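Student: There's a structure below that I have some questions on.
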Amino acid sequence: MVNLTHKQQFIAYFLASNVLVIFAVWPVLESSPNIFSAAVQLSEGIPLVLLANWAVAMAIVIGKLLQQLMFGELRLLEIEHIYERSKFEVINSLIALTMFNTYWLLIPGILTLVLLFVKVFHWLLNDRFEMIFQRATTPRDILMTRNTISLLILLYADFTMVYSCAEYTFGNTPDVYFAFGFEFTLLFIKLLSLTMNICLNTWEVHYLNTHPDEEVMESKELYLKIVKLVETICSLAIYHFLVFTFIGPNRIPIYLAKDTIFTAISLVKQVKEMMIHLKTAKELDSKLLDATEDELNEDNNLCIICRDDMTTVGVTKGERLYPKKLPCNHIIHLGCLKGWLEISQVCPLCRGPVFVDPPVTADNQQQQQQEPVPQPGQQQEQQAHHEPERPQPEQRETPPMETGVPGPPNINILDRLPHGGHFFHGQTETPTPTQTQSHGLPIVHNEANTVEIPINGLNPPGWTLFNVRPETYGYRVLLNPTQEVQMKKILEIPRDVFEQIDVGEGSSTLRQRSRGKQAESDETSDYLD
């Protein structure tokens, strides 16, 4: 079997269609006394099918010639889009033909063919301008192309078809011209939306050329959302109008169901996105702190989105390059943050929420930076301040190994506990000396019930350290001097894994208890991360 390419297959199909039409039409023309009688014979039976097939083949050839003239060679992506979209459109058009109350399908068939023909060119024009928007560096790259001429041609064709269908609506087949008139109206609205998109992108390219310090025009996204929202509202209104017009006891416009439902879903989604966009624009200044130059010097001053250095020197508050501090303490350019929030509402690095309650305003920003964040149980501590303080275990640290590198700063772990140094049973035994790991970072060991972390370790965002006492079936947590909670054990670590964990001398009792449980019931150590 000979393998033919798509081009060779179409050439064979086109030649076969012409040959069949010639054999079907020529005998009728020879035997008929006039053109009228020949037309009557060709309008029924097999000759009608052959003529319709020949019309489709000729339409494809004409379309291919116009495509070469208006767009040139097509990209692989554009060809795939045509195949993907045309399958549904052809089926939808055949279903639409069954809706009209007429036995003469010549006019609906011709209008259906023209509608499919025009839709393909609309798809190509949209794909071609999307490619141009990504590559254009000057307004000339967008406007001075043959795609602009194609846009004008399609605008004129859509308007002409809408006007013609509206004029013939009052004829013999009003429902046919009425339905196709609104179909061409939808195409005309989408083409107007594309025109506005072209204008906005041209304006952005000109703006970026005149403002070399800027990377994007912020207002363009809002205008694009408004244009898309107006287009969706108009399309949904036309679909609902067609549904309520054609629905009846003897017919149901099934071919409009998919477009109506999908357009309604798109409208709801766009309204939500618009509300989020407007809300985000208002909350950026009211709920996010301004990063200071000291914070930029202490932390990494590299924006995690654009990978540029951040600074507050010479940058006016509210500009795109002004650094903003997220609740998770990550710092990002204001403009980069706006672009990121259109995709997600979480931090791009740690996935923490960008906006948290209560809001932080510019007035209380300085007060919040100076005052400590209130922790659970603070009120109970204030009420019980008259109670005598329990003796705190004295903390001793051994200096790190001499490695030639300055060691980390000394941090008291008790300062991180919101409830202070109150431990269970008022332990007063002598604390275990601090050990030094092989990498030179000392670990503080106060007692068996204290939390053990490196002295230069940082708490994860939103985490709080509490005193925990292991029990038989869980743990008992001290929230404050007057409140305790009980937690059940949810995770057990196997003994072989637990043996590899360096928990230090301060937890030797806990390790022995774990070994005893493992020998009796194959349980494992109570280890709380």
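Positions of Cβ are set from backbone N, Cα and C atoms, glycine also.
Caution: TrEMBL annotation is automatic and unverified by curators.
Not my notes, these are from TrEMBL:
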| type | residues | note |
| --- | --- | --- |
| TRANSMEM | 12-29 | transmembrane segment |
| TRANSMEM | 49-66 | transmembrane segment |
| TRANSMEM | 103-124 | transmembrane segment |
| TRANSMEM | 144-164 | transmembrane segment |
| TRANSMEM | 176-203 | transmembrane segment |
| TRANSMEM | 223-248 | transmembrane segment |
| DOMAIN | 303-351 | domain 'RING-type' |
| REGION | 360-438 | region 'Disordered' |
| COMPBIAS | 365-382 | compositional bias 'Low complexity' |
| COMPBIAS | 383-399 | compositional bias 'Basic and acidic residues' |
| COMPBIAS | 427-437 | compositional bias 'Low complexity' |
| REGION | 504-529 | region 'Disordered' |
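Please situate the listed features within the shown structure.
Tutor: Same-chain residues lying 6+ beyond the ends of the transmembrane segment (12-29) with a Cβ under 8 Å from its Cβ atoms: 4, 38, 41-42, 46-47, 50-51, 53-54, 57, 60-61.
If you look at the transmembrane segment (49-66), the same-chain residues 6 or more away from its ends with a CB under 8 A from one of its CBs are 10, 13-14, 17-18, 20-21, 24-25, 42, 109, 113, 117, 120-121.
Cβ atoms under 8 Å from those of the transmembrane segment (144-164) belong to residues 70-72, 114, 118, 121-122, 125, 128-129, 132, 180-181, 184-185, 187-188, 191-192, 194-195, 198 of the same chain, restricted to positions at least 6 beyond its ends.
Long-range contacts of the transmembrane segment (223-248) within the same chain, counting only residues at least 6 positions beyond its ends with a Cβ under 8 Å from a Cβ of the stretch, are 99, 175, 178-179, 182, 185-186, 189-190, 192-193, 196-197, 200, 256, 259-260, 263-264, 266-267, 270-271, 273-274, 277.
Broken down with DSSP, the domain 'RING-type' (303-351) shows 8 helix, 8 strand, 33 coil.
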